[in-house]
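Notes for the one structure printed next.
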Amino acid sequence: MDREFEEVKNSWVNNHKRDSNSENEPSLPNLSYMQHSNNSEEEVPLEISDYDNSWEVKYMDDTILNCNVNITKYDSIRGFTLMALGIICATVMHVCARTAFARNPELTNFDTFSFIGYILPIFYLIAARIKGVTVNLYYFEEKIGFMILFRTLASNFMHIFLFAGFKYMSDAKGTLIFNLNPIFCIIIAFFVVSERINALSTAVIIGSLCGIYLFGLNESYSETIGLLGYLLVFVSSGIYGCILVLIRLLNIRGVHYLVPPFYIGVMALVTTGVVTIFFPTHISMEYDSIDILYLGLYGLAAAGAQLCLNAAFQYELAITLCLCQYLERVLILLVDILLFGYAFSIIDIMGISLIILCIATLIIVKII
């Protein structure tokens, strides 16, 4: 296998040499993470294709990892479609969690989070085996393994900070602050993966945040809002912006989209164990069959959301896809109106219209 790896690597270098003085060409994909032991047949690229501003790696199961710098309209369509499916999965998570909380007031956010730990590792391990992909960090280059672990820890702490922060503020204010994450994503992506900041992205962020603010005007609340709540949610927003850039970066480096979510599930399982042992009052762990049904569906929807999110970033820039998440707020509000009797007003309609207008403009500009 070492010899086959070297042949693939040398073939790539010899056939696709670039002018060393070119500053705008993307760097060649680092294939060293694909080097395995002699007994492994996983993740060996059979075909590597180079285009003007993109590259593809094709695997034994015909999976193609495509990370484009020059993104075509067909790539954008695939990216937007996967993000839309991810948003639908996230909305299903919201419905399952809200229904479970209504049935059993003793449940906490850590109960829903625990089912991510129960389901994601099994789901992604099976999927990886079927696709012939290894999830063993031993097979990855040290730098790649560090990025996977960093993304795993970042995702874990983001959820913890978010759960804690929402205890100190209303859902409307917390949601508005958390949805600042595209600002962090755009700034980090500019420095890390050289994605350009443009006027359209800035306008979409401002318009969508205004729409989310309008949602909050119709919410009544009386809880005391402290600085700690603002700080925790703000930090979680920044972490999520960083995570989105890491997803794109890992895709650029050729890491299969099934790998990072596996470790997110493992870390969620570890966190559940820590909370259960040291902070037992923060998790219920007492479920009837209906609770297990809803929480299980929540975990499966989380697996689907992670799958779509990680796959989408193969085809489109981080600064573009991070803006699509604003549609999640629209879909969740519509579900609350239809299923949970949320009393909407003209202000909510204005907010929905503003967000849809912003995202639709973004998609049309990218595709046409």
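Counting starts with 1 at the first residue shown.
Cβ from N, Cα, C; glycine included.
Features as listed in TrEMBL:
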COMPBIAS  23-35  compositional bias 'Polar residues'
DOMAIN    79-215  domain 'EamA'
REGION    1-35  region 'Disordered'
TRANSMEM  80-101  transmembrane segment
TRANSMEM  113-132  transmembrane segment
TRANSMEM  144-164  transmembrane segment
TRANSMEM  176-193  transmembrane segment
TRANSMEM  199-216  transmembrane segment
TRANSMEM  228-250  transmembrane segment
TRANSMEM  262-280  transmembrane segment
TRANSMEM  292-312  transmembrane segment
TRANSMEM  332-365  transmembrane segment
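Within the chain carrying the transmembrane segment (199-216), a Cβ under 8 angstroms from the stretch's Cβ atoms is held by residues 170, 172-173, 175-176, 179-180, 182-183, 186, 319-320, 323, 326, 329-330, 333, 347-348, 350-355, 357-359, 361-362, 365, all 6 or more beyond its ends. Below 8 angstroms of C-beta separation, residues 107, 111-112, 291, 294-295, 297-298, 301-302, 304-305, 307-309, 311-312, 315-316, 321, 324-325, 327-328, 331-332, 335-336, 339-340, 363, 366-367 of the same chain, each at least six residues beyond the ends of the transmembrane segment (80-101), sit close to that stretch.
In this chain, the transmembrane segment (262-280) lies out of contact with the transmembrane segment (228-250); the count of Cβ pairs under 8 Å, excluding pairs fewer than 6 apart in sequence, is fewer than 3. No contact links the transmembrane segment (144-164) to the transmembrane segment (292-312), because fewer than 3 Cβ pairs that are 6 or more residues apart lie under 8 A. Proximity of distant same-chain residues to the transmembrane segment (292-312), defined by a Cβ-Cβ separation under 8 Å and at least 6 residues beyond the stretch ends, is recorded for 78-80, 82-83, 85-86, 89-90, 92-93, 96-97, 99-100, 103, 111-112, 115-116, 118-120, 123-124, 127, 247, 251, 257-258, 260-261, 264-265, 321. Among residues of the same chain six or more beyond the transmembrane segment (176-193), those with a C-beta under 8 A of the stretch's C-beta atoms are 162, 201-202, 205, 208-209, 212-213, 216, 230, 233-234, 236-238, 240-242, 244-245, 248-249, 252, 317-319, 322-323, 325-326, 329.
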